[in-house]
Amino acid sequence: MATVVTEKLSRLFINMRQVPQLLAPLSPSTVSSSEVPKVFWKPYIHTGYRPVQQTWRYYFSTLFQQHNEAINVWTHLVAALILLLRFQQLSQQVDFGQDLHARPLLIIIVASITYLTFSTLAHLLQAKSEFWHYSFFFMDYVGVAIYQYGSALGHYYYAIEPSWHEKIKGFYMPAAVLLAWLSCAGSCYAKYRYHQSAHLLSRLCQELPSGLAYMLDISPVVHRICTAPPSERADPALLYHKCQVLFFLIGAFFFSHPYPEKWFPGKCHFFGQSHQIFHVCLVLCTLAQIEAVVLDYESRRRIYASLQGDLAHNFSALCLFTVTCSVLTATYMAQKVKNKLSKEE
């Protein structure tokens with residue numbers, strides 16, 4: 001009996017000695033830009049990078065650690081969870097299965113959750129290696145393309161005024177599909193060809209299609225804001241639409257300009273980067289947009305039912321087409337990256 005107790009105490013003592021090892025960090029702390037490949041570098045960010053070639057467990061664990069992508073991860077993760085809760089709430093009020101006119105609302109909500117989730121995964125896991133860095137950001141661009149299509153559909157279906165619908169109904173949705181795909185393809189190519197550089201062609205490939213897509217997608221909202229009679233200017237949906245436009249424009253500025261880190265080089269490794277501000281603005285834009293679309297769905301049925309008829313199935317098919325084209329493009333570019341890295345090795 002004493003021997004058994006002694007053996008158990010011995011095993012317990014050995015296990016207790018292993019506790020500090022289990023609680024220790026899974027890998028080295030953050031490193032400087034000189035210790036990671038150039039593709040990971042960010043302008044004016046000199047440290048706070050996570051080391052490459054660690055285990056997947058390590059990169060998932062960095063969700064709770066401080067590094068230069070932590071704020072980017074959490075902004076979109078929290079927003080995705082908020083939208084999931086909002087979707088659960090709406091599903092108790094809206095019959096997404098039977099109400100054909102609720103289909104575009106479902107698409108924009110799912111598209112929003114998709115782009116937020118893809119962005120979260122990209123910023124959390126991209127430091128694994130050069131290949132995964134490219135691949136996860138290609139996936140991120142797929143999410144952006146899906147969200148662009150969802151936004152275009154939501155605005156065209158629910159927010160549009162009959163006078164503007166008459167002018168653009170012949171080309172709006174096909175153009176929205178084309179520009180969403182071009183946005184994905186251009187961003188993938190710019191990432192593959194120019195890395196993080198501020199090269200003019202890189203800016204054109206990434207920002208021109210996205211800018212044109214936004215101008216088209218937001219046109220029903222802008223037209224409605226500009227032509228709303230005084231009696232409708234206090235409409236809550238219209239106020240949310242104004243907020244989404246404002247937040248997007250502020251976010252677009254910080255996406256295109258590296259401020260404030262350019263003003264304080266070496267001081268914004270963990271907090272205060274332009275991309276973090278862009279993330280916050282984009283989240284606020286998306287949340288305001290969803291609320292505006294929900295209010296339009298609830299209050300403008302007489303208008304959109306007469307304009308859209310039974311076209312919701314066609315718009316769902318266009319969504320699937322956009323997703324397919326974007327995924328195939330990202331897959332093709334990921335294969336090009338794999339071949340390129342193999343040649344370099």
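Residue numbers in this text run from 1 along the chain shown.
Placed from the backbone N, Cα and C atoms, the Cβ positions cover glycine too.
Quick look at what TrEMBL annotates:
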- 70-85: transmembrane segment (TRANSMEM)
- 105-125: transmembrane segment (TRANSMEM)
- H123, H275, H279: Zn(2+) binding site (BINDING)
- 131-150: transmembrane segment (TRANSMEM)
- 171-192: transmembrane segment (TRANSMEM)
- 238-256: transmembrane segment (TRANSMEM)
- 277-295: transmembrane segment (TRANSMEM)
- 315-334: transmembrane segment (TRANSMEM)
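A 10 Å cutoff on Cβ-Cβ distances gives H279 (Zn(2+) binding site) a total of 24 other Cβ atoms nearby, all chains included. If you look at the transmembrane segment (105-125), the same-chain residues 6 or more away from its ends with a CB under 8 A from one of its CBs are 56, 59-60, 62-63, 69, 72-73, 76-77, 79-80, 83-84, 86-87, 90, 94, 96, 132, 136-137, 139-140, 142-144, 146-147, 149-151, 153-154, 158, 279, 283, 286, 289-290, 293-294, 297, 315-316, 319.
Between the transmembrane segment (131-150) and the transmembrane segment (171-192) there are 3 or more Cβ pairs closer than 8 Å, counting only residues 6 or more apart in sequence, so the two stretches are in contact.
Within 10 Å of its Cβ, the residue among the binding-site residues H123, H275 with the fewest other Cβ atoms is H275. The recorded stretches the transmembrane segment (277-295) and the transmembrane segment (171-192) do not share 3+ CB pairs below 8 A when only pairs 6 or more apart in sequence are counted, and are therefore not in contact. Same-chain neighbours of the Zn(2+) site beyond H123, H275, H279, judged by a C-beta within 8 angstroms of the site's C-beta center, are, in sequence order, E69, I71, N72, V73, T75, H76, S119, Q273, Q276, F278.
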